[in-house]
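A.B. asks: Sharing a structure, written as structure tokens. Questions coming.
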Amino acid sequence: MIETLLPASALAFPNIDPVIFRVGPLAVHWYGLGYVVGIMFAWWYGKKLLRSHRLWANNQPPMAPEALDDFVIWAALGVVLGGRIGYVLFYNFSYYISNPLAIPAVWDGGMSFHGGILGTTLAMILFARSRGIKVWSMFDTIAAGVPVGLGVVRVANFINSELWGRVSDVPWAVYFPNGGPLPRHPSQLYEAFLEGVVLFFVLFLLVWVGRKLKKPGFIAGAFVTGYGLSRIVVEFFREPDAQLGYLFGGWLTMGMVLSVPMVLIGLWAMWRANRTAAKDA
């Protein structure tokens, strides 16, 4: 019965070319642009925060805004290398262990946010220690602007018709070109809204109204917690990766497994930030 009802209530997939433009053999994709926009926005926004002295403890930013100019390359390497290695290890290890030459082929798709955040975290730690910057404040500076990039990349996932959701009869379900004959949740857009719009707005309020940058580690903790919760919610609507399927009980996915520790780590980071600030008061 549901199969006969689904076609009448679903939306056609918008025919948007994943390639924005080509210059000879070079093709610029929406997905790649999403990463560039995300990194550049976090760079610009981080510098804006560092110039606003009143936001920081003792009105003293942890670094000069110009320090982020040097960090951009570190961030790009952390995102790309971490994202790719994370995808290989978490989502398709058996394939890549048999086809190691395919590991560097990021242009064929396959990036993990959880791997990307681990790679970026390592880059931030190494950069901060090499420049004498407090690591927790480095985390905060970058985390505050990351949701914008997440939102843009998720929209690019939608344009690419990838990472779509489970079969659904909701009025806004979409027929994806490679998603089979039945309409599905546009779960990429759910993620763009929760991980991008909502999470950025929450962090914006914590930074500019709550003045939480005065508590090193709080904003980073809020970001990690917010992302983890958002991802867990969306995983109930998102189709699990074909090569993994459900890990348990027809509902548990790899995305959930990787996100639960993020929530716990984020809550701990916020608790630690509050506790440390209270001791220093």
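Yeah, the Cβs are placed from backbone N, Cα and C, and that goes for glycine too.
On a predicted model such as this, the values are computed, not experimentally measured, just so you know.
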A.B. asks: Quick one: sort out which of 2-22, 107-127 is the transmembrane segment according to Swiss-Prot.
C.D. replies: 107-127
A.B. asks: Most CB pairs under 8 Å with the transmembrane segment (189-209): which of 71-91, 107-127, 133-153?
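C.D. replies: If we count Cβ pairs closer than 8 Å to the transmembrane segment (189-209), 133-153 scores highest.
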A.B. asks: Using a Cβ distance cut-off of under 8 Å, indicate which of 23-43, 71-91, 133-153 has the most pairs with the transmembrane segment (107-127).
C.D. replies: 71-91
